[in-house]
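**Student:** Could you have a look at this structure, given as structure tokens, before my questions?
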Protein chains: 2
Amino acid sequence: MNAISGISDNAYGYLAPNTIAPAGKLYIQDITLRDGLHAMQRRYTLEQVRQIAKALDKAKVDAIEISRGDGLSGSSFHSGFGDHTDWDWIAAAASVVKHARLSALLVPGIGTVHDLKRAHDMGVSSVRIATHCTEADVTKQHIEYARHLDMDVSGLLMMSHMTSPEALAQQAKLMEEYGAHCVYVADSCGMMTMNDVAARSIAYAQILKPETRFGIYAQHQLSLGVANSITAVQHGATRVDLSLAGVGAGAGNTPMEVFIAAADTYGYQHNINLSDLIVAAETLVRPWQNRVLYLDQNSLNAGSNGLHADFSHTAKEAAHNHGIDSHSILSELGRRQIIGGQIDMVTDVALELSKRSNQQVENNSTMSK
Amino acid sequence: MNAISGISDNAYGYLAPNTIAPAGKLYIQDITLRDGLHAMQRRYTLEQVRQIAKALDKAKVDAIEISRGDGLSGSSFHSGFGDHTDWDWIAAAASVVKHARLSALLVPGIGTVHDLKRAHDMGVSSVRIATHCTEADVTKQHIEYARHLDMDVSGLLMMSHMTSPEALAQQAKLMEEYGAHCVYVADSCGMMTMNDVAARSIAYAQILKPETRFGIYAQHQLSLGVANSITAVQHGATRVDLSLAGVGAGAGNTPMEVFIAAADTYGYQHNINLSDLIVAAETLVRPWQNRVLYLDQNSLNAGSNGLHADFSHTAKEAAHNHGIDSHSILSELGRRQIIGGQIDMVTDVALELSKRSNQQVENNSTMSK
């Protein structure tokens, strides 16, 4: 009998034994209140933050991340300002959380060590320093400073599909050398297969110290989020990024309650109360979701062009504003290999394409005279 | 460049090569208009059938299944009557389909060879004979009769998780001996892991003739439907059951458009036009869905008790009618190892539990006098 879910181990009939189990318990990292903001268009109220943080804490989630989708100080004209500051949100969560560790995301170039210090002073004891998969060197001062503050610190390599497994592992190694306790594979586009996750997990295992932890962030774009997270766990990952009801950009993140139910069928150990999670997803998150999460043509175009799903929404808006189609914008952004922080490029590209298209019309009109 | 999706093979960056590819093209079996009926409470209009069948045909789906969720003649007081007969639906689909093969599901004990003959006369050229995973012997006359009619015929072993991989393969072998061209692993509860699917796929490969095809039906309960179908394909499956937008019982079936997008990232060959599918899912299926498909406590309880997700809805109704909780009904049904066709047992169990509970109240009241 699994003590957590109340499900008998034999209830499913004749299922395969768990071939590769992680050593010890999984560390469940909630990202509902951070990455989930993408899906709610950054419009959580403080009361919602308190309610969700309290429910996550009750369900015994190990860490709860609070900051904008783009991390601390990640508000801008392009990515939106939100109704409250990071500090308001952190204070709201800190006021209710008793068990879980509070964590924050920090993207160097968007957030600074000053933001980190302030978050730490407010009770944030864990930080994830995130950067593009080939840019680990920009995380050095932030990881070192987090260690100086005696925080738990992870390095997160976004868009991990854009470099080879071996090159990615080299970047993770740099983060380990800077002092990261944990390094992540982040499938920011949700276009990775189980093979892709396995290849990167194996590359990590070959190069990292045994004591360095390995984490997985998998988007649910191709509805492989749960499967990819399980695959990472089968290859040594112990930290898993999850959000209630899968709330997140595009087709969403790996849904926490579903991952935990799957983890139970695999017999993985964790601290979570599954029923509490299901209630939280159904009563606190789904009623506030402003859209159903599924694979649509826009998010598929974004992913297949190697772009974060957040670009799909922004490209749709820009396409509407400038009278061109969003598919062309996404193709052009993909051609330029735009990365996460460069979301202001969407408007630039839309303007350029619109200008080019008008020019074309003018030329045609001149020629026909 | 993938000719079907228009996605460049290199667009995703550095992803793993497709380690195990199926020989030839995948055969995409639509089940939107059959299993999807569970989710629409059997209320498709003939016009909807025509529109959906036409869209599936345009997208170049290989086979389109038309019949009730429980197969031909599967209407009853317990599983519902629907607004139209199987024959009305089949005629509607047959009137618009130009490319795809029309198929039907037949569950021995519910449908008969007379139903099969009638469907065949109306243009159904493929049939799947489905039974509980330990009852292959009841399919003999139906498979033989389908072969006599010169139909394409598959054997489908429902609740495949309830017996060991080796015992399941023995049942599949019987179906092959009766004449089935294809035998299925059917994860009717959606509680199988990728390990479970792999174990059954390997057992099939060891015992079946090389020319016998192998198919996968995976529910999306734990959002492993796409991953489990991919796993089956990696182990030799060439037929995949899918529904538009994942429409189906409980948390739904493997969503067709998502599976095809994933299959493209794996480089699998198929006939499907992905854009057509996405448009069909968005414009024809989602607007008519009467509920969002996700893992809730009820469907999780059904699955963890080894019951088809359809029981969850029925148990909820019975619980409401008889003033008891649905969790107790599902536990008792699980204890009795109720299978697919025994849905009338829900009311029996509800009545019994309700009687027992009233008896208890009476006893307590007598004792306190």
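Counting starts with 1 at the first residue shown.
The backbone N, Cα and C atoms fix where each Cβ goes, and this holds for glycine too.
TrEMBL annotations: computationally assigned, not manually curated.
Not measured: the values here are computed from a predicted model.
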**Student:** Out of B:Ser160, B:Ser164, B:Ser188, which is the one TrEMBL records at the substrate site of B:Arg34, B:Asp35?
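**Tutor:** Matched candidate out of B:Ser160, B:Ser164, B:Ser188, per TrEMBL for substrate with B:Arg34, B:Asp35: B:Ser188.
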**Student:** Report the same-chain neighbours of B:Asp35 (substrate binding site): residues 6+ apart in sequence with Cβ closer than 8 Å to its Cβ, ordered by sequence.
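**Tutor:** Spatial neighbours, sequence-distant, of B:Asp35 (substrate binding site): B:Glu65, B:Gly69, B:Asp241, B:Ser243, B:Val247, B:Gly248, B:Ala249, B:Asn253.
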**Student:** What subset of the binding-site residues B:Arg34, B:Asp35, B:Ser188 has a Cβ sitting under 8 Å from a Cβ of chain A?
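**Tutor:** Out of B:Arg34, B:Asp35, B:Ser188, none lie under 8 Å of chain A.
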**Student:** Across the listed substrate-binding residues, B:Arg34, B:Asp35, B:Ser188, what is the farthest Cα to Cα distance, given in whole Å?
**Tutor:** 14
**Student:** Between 0 and 100, where does the mean pLDDT of the domain 'Pyruvate carboxyltransferase' (B:26-278) sit?
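**Tutor:** The answer is 92, the mean pLDDT of the model over that range.
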**Student:** Ranked by the number of other Cβ atoms within 10 Å of their own Cβ, which of the binding-site residues B:Arg34, B:Ser188 ranks first?
**Tutor:** B:Ser188
